[in-house]
Amino acid sequence: MKLSSPAKGGDAVAPLLPELRAVGGSDGDGGREASVPGAVFNLATTIIGAGIMSLPAAVRVLGVVPALFLVVAAAFLADASAEFLLRYAGSGGAAPFSYAATMGQAFGRAGSLALHVCVGVTTAGTLTVYLVIIGDVLSGSQSEGVAHVGVLQEWFGERWWNARAVALLFTAVFIILPLVLLRRVDSLRFTSAISVLLAVVFMCISTGMALYAIFQGATETPRLLPDFGHMSSIFEVFTAVPIIVVAFTFHFNVHPIRAELSKTSDMMVAVRISILLCSVIYAAIGFFGYLLFGESTMADVLSNFDRDTGSPIGSLLNDAVRLSYVLHLALVFPLLFFSLRISIDELLLPQGSHHASETCRFVLLTVLLLGFIYAASILFPSIWTLFQFFGSTTVVCISLIFPAAIVLRDVEGISKRRDKVVASVMLALAVVTSSIAIGSNIVSHPSRQ
């Protein structure tokens, strides 16, 4: 199976993607068709990302019951929207194995352009956040007037080589760059498996520390519902909702991963397994992270792990949690970068060559994008504000609005009544939630300065 060929309707061809050869080809891994476990690991890694870091803060704002309900609801919406994208891809017979091509089929060039812009903004912003988090953990940060010492500073003291700019440069060049230069998504299956394992380790350590704190009587009683005692609380509740929406965004990688499977019908199986796995991880991290730190839970929960949590080996566990999550983010980075590079290439050179053999262009675009993200991570201020903004705008478009719009547009006449009802509800919830979140962000932002 091939992604496409550069024939008529170039919009259906994803740029800078290699064509898949038949099994048994002579190009090593390039001729290997992906497996369902590999697809699960790649999808789960795309989903998990930095959402773990934000969920305890969302649980603190929303309360335990609404937060866990929203995790489940977001999982069901993610499943429905992914199913829409897979069913409508190539429904006209042209087999456009990309999200942008499906949007182009429904809305023309404007549709595919809108998708590329949203994917580019979302992935570039999210990858910047990843480097910001990595820099915070390795070299320290300042949050709400409190200084948080980085792991490298704890171990070696203040040195020129553990400053934020130098530590991030080393991470970008020696860890991330070799991974983003890989051409196929399936080539990342092993690093994705490690990334998911690290997320599970993060979950287990956080859960264990929370349970230990409970036995020691060092935890607060968690709030089950939002606290409306303050006038601005109702706005803060809605600002937390996009955090969960961001945590279940993986749609831009659905078609690239699907195209490398030997059976396209396996993709929905992989999607559902990934969503279930990530829902369990998210619920556990959100609840036990909030239980562990209570009302002191910060927007960047990793900042909470530089203080004593009551465990006799608290310092060792704190460093293990932070470093494991740093490595997890570094391994998630290439999967999001894959879609960012495709979207930027299509925006800059929509009529250019669509073969991965364009090595010079591929490498140049990769280095320029990574350099831009590195520079932005040195200058970007607030993680919480970033997640609120992207969750309220472009991410909602990618994960909910665009899939619903494709179904309602129904250019091939294949939508059922149930599909249109689900799509209408999905679209209404996305627009209402996003609008309220944007408004509350504007209202509450000055108070956080």
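Glycine residues also receive a Cβ, built from the backbone N, Cα and C atoms like all the rest.
From a predicted model like this one, the values you see are computed outputs, not experimental measurements.
Per TrEMBL, domain 'Amino acid transporter transmembrane' is recorded for 33-436.
Annotated transmembrane segment per TrEMBL: 57-78 (among others), in sequence order.
Summarising the annotation, TrEMBL assigns transmembrane segment to 113-133 (among others). For the transmembrane segment (113-133), the residues of the chain that approach it from at least six positions outside its boundaries are 49-50, 53, 99-100, 103, 107, 168, 171-172, 246, 249, 252, 300, 302, 325-326, 329-330, 332-333, 336-337, 339-340, 342-344, 346-347, 369, 372-374, 376-377, 380, 383, 386-387, 389-390, 394-395, 397-398, 402, judged by C-beta separation under 8 angstroms.
Residues annotated as transmembrane segment in TrEMBL: 161-182 (among others).
Within its own chain, the transmembrane segment (194-214) has Cβ neighbours under 8 Å at 41, 44-45, 48, 52, 277, 281, 284-285, 288-289, 291-292, 309-311, 314, 317, 320-321, 324-325, 327-328, 331-332, counting only residues six or more beyond its boundaries. The transmembrane segment annotation in TrEMBL covers 194-214 (among others).
Residues or ranges marked as transmembrane segment by TrEMBL: 234-252 (among others).
According to TrEMBL, the feature transmembrane segment maps to 273-293 (among others). Nonlocal intrachain contacts for the transmembrane segment (273-293), taken as residues 6+ away from its ends with a CB within less than 8 angstroms of a stretch CB, comprise 39-40, 43-44, 47-48, 51-52, 55-56, 58-60, 64, 67-68, 71-72, 75, 78-79, 82, 196, 199-200, 202-203, 206-207, 209-211, 213-214, 219, 222, 244, 247-248, 250, 301, 304, 309.
Through the fold, the transmembrane segment (325-342) approaches residues 14-17, 42, 45-46, 48-50, 52-53, 98, 119-120, 123-124, 126-127, 130, 133-134, 137-138, 171, 175-176, 179-180, 182, 185, 188, 191-192, 194-195, 198-199, 202, 252-253, 256, 302, 365-366, 369-370 of its own chain, all at least 6 residues removed from its boundaries and within a Cβ separation under 8 Å. TrEMBL lists 325-342 (among others) with the feature transmembrane segment.
Sequence-distant contacts of the transmembrane segment (362-383) (same chain, at least 6 residues past either end, Cβ-Cβ under 8 Å): 16, 53-54, 124, 127-133, 135, 164-165, 168-169, 172, 176-177, 180-181, 183, 299-300, 337, 340-341, 344-345, 356, 448. Summarising the annotation, TrEMBL assigns transmembrane segment to 362-383 (among others).
Here TrEMBL flags 389-409 (among others) as transmembrane segment.
Annotation comment: TrEMBL describes 421-443 (among others) as transmembrane segment.
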Same-chain residues at least 6 beyond the ends of the transmembrane segment (389-409) whose Cβ lies under 8 Å from its Cβ atoms: 77-78, 80-82, 84-85, 88, 99, 102-103, 106-107, 114-115, 117-119, 121-122, 125-126, 241-243, 245-246, 248-249, 251-252, 415, 419-420, 422-424, 426-427, 429-431, 433-434, 437-438, 441
